[in-house]
Amino acid sequence: MQLDLAAVRVAAAAFPKPEAFKPSYGTAGFRAEASLLPSTVFRCGMLIGLKARSCGQACGVMVTASHNPEQDNGLKLVEASGEMLEPAWEAHATQLAQADTAEQLLQVLAALAATLQPADTPGRVIIGRDTRSSGADLAAACSAGVAAVGGKVSDIGVVTTPELHFTVQTFNQYQALEEQAYFTNLLESFRTLTAGSHAPQQPLHVDCANGVGALKLQQLVPQLQQLGLQLQLYNAGQGRLNHGCGADYVQKEQCFPAGMGDLPAGACCASIDGDADRVVFFTKGQDGSFVLLDGDKIAALAAVYLRRLLSHAPPGTADSISTGVVQTAYANGASTRFITEQLGLQVRCTNTGVKYLHHEAKAFDVGIYFESNGHGTVLLKPSLLQRLQDMDENMSVMQLLAVSRLMNQAVGDAISGLLLCDAVLRSGTSLAEWQALYTDLPSRQLKLVVADRTVITTTDAERRCVTPAGLQDAIDAAVAKYDLGRAFARPSGTEDAVRVYAEAGSQEAADALAREVAGIVFDRCGGVGSRP
Ligand code: G16
């Protein structure tokens, strides 16, 4: 592919890389304090612009740091399929983002361009951003990068991450960019799923993390009300993004988000994150306790529901369909047992990151994946969709097809997840029954800062540490002391932190094991600050 390298050099000079900054592609793209990022987003604009030109379709960029604090920002890069950037391209992105001099940058870019065949069309990059104040300038820097390599830009402004993925996917099918298409798809599939079921008596209380999800849900409130779903929104934009609220906070801290602690026992509540690609549910027990229904519980609910729909489809359908659930090391042991032993479904475990779970879920005719933190969706294979479309219309077949439209087929979507769970609850499973599908083993997550978290490398879907030497043996020795103990440590790919997960037979034991493992990591990996 031909590039005007002189023009690239001039354009790149406006976005110099901070000297000591060494960004690398993490779990879901790049993330850092926003002021560090203009060079990274400009360079990723060039990368994705080249990709779009080479495939002759639209690709996407979402400017977001999702669950991170307001002062951070980042980028998620989107393939023409609407899915996350293929892992093989992540190394190119890191190389471009880390180039220290203009010469190095041009060299990496020219080498990449030389491997690509341009398609006949110029390609297009669709850029969206969340509500962070740094977003507009970073989106502009990204546009400049796309333009520098001869790509076209469509800036669709403030959107949720899944909405951006959906827009890329559908633009490549129908050449439409209108936001209404995203809303109509959600509303119509939800209408089909809930037709004939009783509307809930109670509202659904949603913590919006003070993020972009609030803006989008506000737009949907009146139409959802007509479909019998009454939404009450909290943390809907007045307070600080992800501060004391949002899915990450609620799931990790296992407590009520700001402003929702006074709701009555049994209220049905959910929490989405800063860019609305994850959702967890929660309620208050009769004793006032916080009760979490996390991504594992959502996967279990979805699996029960899909099994039911498949069993009501024309005879023989269910027998010839493979259904599986994909989880990560964070999945509560009780959920894995429930899915395999009670539901008889296959479970696979991957590294953390939607890109890994999504890929694995595609191997099944019906692939259900959710990370415990609420990221996930339900995928139906195109060949299964075709079979369903060819069948006589019965209610279950229509509902299976509606699930595939409601559930974003490119990436997890908090709004889809909210609507799916509401539809299942209306179909006859109560919140209490959902909660009682299985009882979580007590667990605790902690994070700590070390001098260089890359010293920790892992294997076996991140369940065991390979380096530094001796770390895993020390964790094993700690785990062995606890009844039903399980624990692991892994470097975060979105924050400068090491995450520790522990579960055990009691909450006190899970807390103690998590603290003990965090202490081991602190001692052996150069802990910073006070020892956990
Ligand atoms: C991103 C990824 C998720 C991952 C999460 C935490 O979520 O998309 O798959 O679970 O980061 O990753 P880590 O533990 O490596 O920090 P989000 O919502 O922040 O985009």
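Note that Cβ sites are derived from N, Cα and C of the backbone, with glycine treated the same way.
The structure displayed is predicted, hence computed values, not measured ones.
Annotated features, as they stand in TrEMBL:
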type	residues	note
ACT_SITE	S66	active site, phosphoserine intermediate
BINDING	S66, D273, D275, D277	Mg(2+) binding site
BINDING	E371, S372, N373, R490, P491, S492, G493, T494, R499	substrate binding site
DOMAIN	53-98	domain 'Alpha-D-phosphohexomutase alpha/beta/alpha'
DOMAIN	101-172	domain 'Alpha-D-phosphohexomutase alpha/beta/alpha'
DOMAIN	179-280	domain 'Phosphoacetylglucosamine mutase AMG1'
DOMAIN	294-426	domain 'Phosphoacetylglucosamine mutase AMG1'
DOMAIN	472-518	domain 'Alpha-D-phosphohexomutase C-terminal'
Averaged pLDDT score, the domain 'Phosphoacetylglucosamine mutase AMG1' (294-426): 95
Selected stretch (most C-beta pairs under 8 A with the domain 'Alpha-D-phosphohexomutase alpha/beta/alpha' (53-98)) from 179-280, 294-426, 472-518: 179-280
By Cα-Cα distance, the member of recorded positions S66, D273, D275 nearest P491 (substrate binding site): S66
Tertiary neighbours of S66 (active site, phosphoserine intermediate) (same chain, Cβ under 8 Å, six or more apart): A28, R31, G74, D130, T161, D273, G274, D275, D277, T494
The residue listed as 'active site, phosphoserine intermediate': secondary structure state under DSSP, collapsed to three categories: coil
Set of same-chain residues at least 6 away whose C-beta sits under 8 angstroms from E371 (substrate binding site): R278, G295, Q327, T328, Y330, T352, V354, L357
Cβ-based isolation winner (fewest other Cβ atoms within 10 Å) among the binding-site residues P491, G493: G493
Neighbourhood of N373 (substrate binding site) by C-beta distance under 8 A, where only residues 6 or more apart in the same chain count: A247, D248, Q251, K252, R278, V280, D294, G295, Y330
Three-state composition of the domain 'Alpha-D-phosphohexomutase alpha/beta/alpha' (101-172), taking helix and strand from DSSP: 39 helix, 13 strand, 20 coil
C-beta crowding around D273 (Mg(2+) binding site), within 10 angstroms: 35
Any further residue of that chain within 8 Å (Cβ to the Cβ centroid of S66, D273, D275, D277) of the recorded Mg(2+) site: T64, H67, D130, T160, T161, G211, A247, I272, G274, A276, R278, A414
Counts of helix, strand and coil residues, the domain 'Phosphoacetylglucosamine mutase AMG1' (179-280), according to DSSP: 38 helix, 16 strand, 48 coil
Packing count at D275 (Mg(2+) binding site) (other Cβ atoms within 10 Å of its Cβ): 34
